[in-house]
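Written out below as structure tokens is the structure these notes cover.
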Amino acid sequence: MQRLIPIAFSSSVKGFVRRHYLLLERGNNPETSLSRSFSGASHHHHYRERLRNELHCIKFDDAFSLFCEMLQSRPIPSIVDFTRVLTVIAKMNKFDIVIYLYHKMENLGISHDLYSFTILIHCFCRCSRLSLALALLGKMMKLGFRPSIVTLGSLLNGFCQGNRFQEAVSLVDSMDGFGFVPNVVIYNTVINGLCKNRDLNNALEVFYCMEKKGIRADAVTYNTLISGLSNSGRWTDAARLLRDMVKRKIDPNVIFFTALIDTFVKEGNLLEARNLYKEMIRRSVVPNVFTYNSLINGFCIHGCLGDAKYMFDLMVSKGCFPDVVTYNTLITGFCKSKRVEDGMKLFCEMTYQGLVGDAFTYNTLIHGYCQAGKLNVAQKVFNRMVDCGVSPDIVTYNILLDCLCNNGKIEKALVMVEDLQKSEMDVDIITYNIIIQGLCRTDKLKEAWCLFRSLTRKGVKPDAIAYITMISGLCRKGLQREADKLCRRMKEDGFMPSERIYDETLRDHYTSLSAELIKAAHE
């Protein structure tokens with residue numbers, strides 16, 4: 001009988017199995033309970049029927065029940081039938097469960113075949129248990145099984161996911177010994193892993209190695225390398241590969257162009273991004289919504305709203321319909337440039353087109369109107385948000401609270417915070433900082449101090465801003481001793497103000513102890 005290596009199973013796997021078997025014992029699975037009363041032949045027929053009719057749409061619990069039913073069948077089903085069920089469970093990403101079930105099979109003396117070993121190795125790799133996968137590979141080879149290209153591919157993916165690239169490259173080099181010639185997919189797996197790990201020199205070395213062996217790189221190879229090089233600012237190398245790609249008549253597709261445009265945008269290289277867009281059009285590659293969103297986002301980030309709006313209009317004229325991300329990007333750009341009315345026009349257009357704004361959309365507009373000093377309009381946008389069924393989040397309330405406090409409406413802000421505390425929403429330190437600052441600004445130091453002292457009781461830990469705000473408030477009132485105590489407590493909690501915060505907040509009010517602590521923090 002084949003014996004697999006001993007495995008320690010996680011508590012979650014043990015818990016699931018325990019609960020499942022309890023249900024079976026209590027008879028909560030009528031299908032399984034009914035099957036127990038059948039004869040062996042009837043039971044055999046029942047699971048075979050389920051294998052034939054249910055596997056294509058089976059749910060996880062049902063697949064697990066089917067496996068248990070098969071274990072009880074006599075004669076015991078073949079390894080092929082067991083593997084069919086376990087393949088389905090593995091596709092549900094229940095890798096620990098698959099490993100557990102294989103050991104249940106082993107305990108019944110069911111011998112594994114190449115395919116079942118391969119699935120088990122795949123599951124070990126996906127669970128980041130590479131040492132067990134390698135031990136199992138050795139075990140199966142001792143039993144006379146020769147690994148397939150799928151087996152080796154699973155190991156290769158496992159090495160790359162575990163950042164064990166030397167072993168990945170060694171595995172590729174040794175594939176000839178197993179009778180397999182690594183193809184472009186195998187090399188792409190290694191190159192992709194190296195690029196994600198920013199090990200670009202080794203990625204290029206693997207690329208040149210595959211070229212020497214006569215394996216032609218494809219669009220995926222070039223896309224991975226060029227994106228990785230561009231993300232690391234190696235524009236010369238990226239451009240050289242791009243020229244090489246074009247020379248070989250490997251046509252870049254929309255995904256390739258979009259990824260590269262997005263990289264240039266993130267690097268702030270808008271000229272190259274725009275040129276790539278023109279190259280797409282020249283090559284008759286049709287840009288998609290992601291392409292336009294990347295370009296519009298880049299123009300908005302760098303304050304080129306005219307270019308962003310032009311690209312938006314061009315997008316529409318070419319029959320590519322903007323999505324919520326497109327509108328949110330433009331609305332944010334307009335609001336940051338203090339053109340909130342233009343942002344609102346876009347919001348109305350978006351609604352007219354049948355798109356529903358999300359919390360981000362409304363938060364952007366509310367913030368824009370608050371910054372413009374139009375609290376009443378911000379309140380109307382908030383009301384519309386609620387009426388449209390979009391739930392305000394803590395960011396929404398923080399924006400409104402900040403606006404109320406900045407406009408001297410501290411009483412309204414306090415009522416809103418009280419309502420928030422009664423709701424199920426988690427009130428964060430940012431919320432309390434806004435209120436504490438508002439109270440200090442309106443000479444309500446006593447109320448601010450009470451709120452500050454209650455934070456720990458509310459399960460919220462004060463941060464540096466909370467401390468600085470209170471120390472500044474105490475200093476302005478001439479309460480030097482209390483300020484010194486709080487400064488000492490701030491240091492004990494591991495917070496020290498930056499030089500900028502000190503300059504802006506404490507310089508005019510510092511006490512001797514405050515000055516000493518701050519000086520020590522920056523030596």
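Glycine is no exception: its Cβ is also placed from the backbone N, Cα and C atoms.
Features of the protein shown, as given by Swiss-Prot:
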REPEAT    43-77  repeat 'PPR 1'
REPEAT    78-112  repeat 'PPR 2'
REPEAT    113-147  repeat 'PPR 3'
REPEAT    148-182  repeat 'PPR 4'
REPEAT    218-252  repeat 'PPR 6'
REPEAT    253-287  repeat 'PPR 7'
REPEAT    288-322  repeat 'PPR 8'
REPEAT    323-357  repeat 'PPR 9'
REPEAT    358-392  repeat 'PPR 10'
REPEAT    393-427  repeat 'PPR 11'
REPEAT    428-462  repeat 'PPR 12'
REPEAT    463-497  repeat 'PPR 13'
Spatial neighbours of the repeat 'PPR 8' (288-322) far in sequence, C-beta under 8 Å, 6+ residues away: 254, 257-258, 261-262, 264-266, 268, 270, 273-274, 277, 280, 329-330, 332-334, 336-337, 339, 350, 353, 355
Spatial neighbours of the repeat 'PPR 9' (323-357) far in sequence, C-beta under 8 Å, 6+ residues away: 289, 292-293, 296-297, 299-301, 303, 305, 308-309, 312, 315, 364-365, 367-369, 371-372, 374, 385, 388, 390
Helix, strand and coil counts within the repeat 'PPR 9' (323-357) (DSSP): 26 helix, 0 strand, 9 coil
DSSP helix/strand/coil residue counts for the repeat 'PPR 11' (393-427): 26 helix, 0 strand, 9 coil
Number of helical, extended and coil residues in the repeat 'PPR 4' (148-182), per DSSP: 27 helix, 0 strand, 8 coil
